[in-house]
Amino acid sequence: MALPNGLAAAPAADEELGVLQQPLLLRRSQSNTTSQIAIVGSNPCPIESLDYDLIGFFNNLAVENIAGTKFVVTSNMMLAGKFMVAFLVFASSNLGLTLFASLITAFIAPEAAGSGIPEVKAYLNGVDAPAIFSLRTLLVKIIGSICAVSSSLNIGKAGPMVHTGACIAAILGQGGSKRYGLTWKWLCVFKNDRDRRDLVTCGSAAGIAAAFRAPVGGVLFALEEMASWWRSALLWRAFFTTAVVAIVLRALIDVCLRGECGLFGKGGLIMYDVTSENISYHLRDVPPVLLLAIVGGLLGGIYNFLLRKVLRLYNLVNKKGIFYTIILACIISISTSCLLFGLPWLASCRACPSDASEPCPTIGRSGNYKKFQCPPGYYNDLASLFFNTNDDAIKNLFSKDTDSEFHRSSMLTFFATCFFLSIFSYGIVAPTGLFVPVIVTGAAYGRFVGMLVGSNSNLNHGLFAVLGSASLLGGSMRITVSLCVIILELTNNLLLLPLIMLVLLISKTIADVFNENIYDIIMTAKGLPYLEGHAEPYMRQLTVSDVVTGPLQIFHGIEKVGNIFHILKHTGHNGFPVVDEPGFSASPVLFGLILRDHLISLLKMKAFSQNPTRLGPDAFLQFSADDFAKKGLGHGDKIEDIELTEEEMEMFIDLLPFTNTSPYTVVETMSLAKALILFREVGLRHLLVIPKVPDRVPIVGILTRHDFMPEHILNLYPSLVQSRWKRLRVRFPQLSIFI
């Protein structure tokens, strides 16, 4: 059943979804990417490993070289004393990159805006938003992400990499793209929903592995955060995929270590160095870490709260048209350039340390000691953070033996700037990610805490920066196991394992008191109907018959062509019950369920007969499996494309051979909470409700995803709002003035 906001049901999705909130998507495609159940008897291919690492390496290579060239040119002008010209070059290059990324996103593939993780997560839960895995979305995601990240916006590439990996998997899973003539017959074995869903899961794991060179963390991220259904076979397939990514990335990095990658150097794929020899922590080091975790959880809750408000504000701008969205992106770019170039002037120059591990000051390359406007022998500590890519800033913050490198005021300024810039930069019309901005913001927060603790702890400032990143990640994203492994793979330091586990658990627990995780907030803002893995307590008070709404469209076993055409044209339902009437059976019997796409295929092939007669067992001889196979990425047939004559309208179709005769059914008195668990765990699109007594119409209604959404249920029964049990949440009524 088609969703009013343009969404379509994925393998486990529903239909007839009411608009929950005004979505933030800038443009709605009219195509319907309704997924179909796999043809009964098909043989899913067991091979699901794909190589996604080249794009990840290309992204990092492009970002480092584009951004590096920009910083080198700007620094050379500053060395020549041309500060105003340097600012104009810096700001104009940032604006040009942002403008280009925004234009191609807004006009070519608005589905590529944002990180893409909420859309992929919703798809794996059963919701297929239009064109999120199309070829144009993939291309815009890659090019737009490179330009946006290179423009010094406080955004990351990890989220877009997850979406990129999922796009590659989805396109390969449908045998390529027929629209662009890219088809591979050997991949047609993947053209069923289970394999396509597994491929997308492997693609999302590969995206994280390619972004952070964290293969195990990528698998756990897909398991913990992305996938709604998991099975043992998928575990080793995802692990094999990320292992291939790690091996090939290692080979490509060796090429860069030989100096053949331009300004990429070691690049953002190299592990952040936080190893400190002979460092151990004791019981007295735990209280500061606990305090860091608690405050990090509070900051994470505030971060999510502010991001929700900013997304609502940007939604009002998006409603005004594409011109305003482009202007908004340009304003954010100009503001960011002014802050990055202007704030370092407030910091005082610091003398280069005599025991520096690298040349000081840094000139013409990335490093810890940026000269900026300082005289020879001095460096600007704030410019070392602002005048770098996010990857280099994280390396500087995580680096060991640099406890005296940064001043407290500089670190506090950097933290506050990154905190708010990452919030305001995310919602623009461009591919943007949240992972890296949260890491760099948390690292600044953790290093500031380390400065306050000082010599009272055995942990150096770099280790505090790692713990700060963990606390803010846990407080905003509410992920524990996978984040712990990703951070360990990033830093290559097992010393911090117990402390990182403690910080993630505490920060997540504290932040859960205030609001949901950041991806759930974005999915709600975009109107993506995500089904949680648990039922709300008030659902136990209701039965499935309490939420089933009508009218219900029913087809007979042998139906007139005109009736089918009229119903398909005037309803958006994607599933219809088929009832065998007396004359062909002793009493009305629920025969099964038939999908909209299958009906359109029958109309298109004009499988009609002059008289209402059964086709018999030879009905399938005139059809092939491809006639009813899944149409790729929203390019399926539409009822508006079917042309029928008046004579054909009076003919008949025998629907019984094409009907799913074993749909999932529940009795009308079944608990709504139990039905939700069944619906989600089995991965259903339709759940048929049958009467408790046999002397009634054999079908009461159809439950879809919409019927299980809390907004729909509470709208039907407003009295449940008062009695609705919620987890303890702290509310801020005084902040309502900012809504």
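Every residue, even glycine, has its Cβ placed from backbone N, Cα and C.
Residues annotated as domain 'CBS' in TrEMBL: 659-719. Sequence annotations record features per position, and here TrEMBL assigns transmembrane segment to 85-109, 199-222, 234-253, 289-307, 322-347, 410-428, 465-488, 494-514.
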What counts of helix, strand and coil residues does DSSP assign across the domain 'CBS' (659-719)?
23 helix, 12 strand, 26 coil
For the transmembrane segment (289-307), give me same-chain residues lying six or more residues beyond its boundaries with a C-beta closer than 8 angstroms to one of its C-beta atoms, as numbers and ranges.
419-420, 423, 426, 438, 442, 445-446, 449, 459, 464, 467-468, 470-477, 499, 502-504, 506-511, 513-518, 521, 732, 735
Find the average pLDDT over the domain 'CBS' (659-719) in the predicted model and report it.
87
Quick test of the contact rule: Cβ under 8 Å, at least six residues beyond the ends. What residues does that give for the transmembrane segment (494-514)?
274, 276, 279-281, 286, 289-290, 292-294, 296-298, 300-302, 304-305, 463, 466-467, 470-476, 478-480, 483-484, 487-488, 727-730
Report, as numbers and ranges, which residues of the same chain sit near the transmembrane segment (199-222): CB under 8 Å and 6 or more residues beyond its ends.
48-50, 52-53, 55-57, 117, 120, 123-124, 133, 157-158, 161-170, 172-173, 190, 234-235, 237-239, 241-243, 245-246, 249, 269-271, 435, 479, 481-483, 485-486, 488-490
Top partner of the transmembrane segment (85-109) among 234-253, 322-347, 410-428 - counted as Cβ pairs under 8 Å
322-347
So which residues does the transmembrane segment (322-347) touch in its own chain, when a touch means Cβ under 8 Å and the partner is 6 or more beyond its ends?
26, 86-87, 90-91, 94-95, 98-99, 101-103, 106-107, 151-154, 314, 370, 372-373, 380-383, 386-387, 407, 409-410, 413, 417, 421, 424-425, 428-430
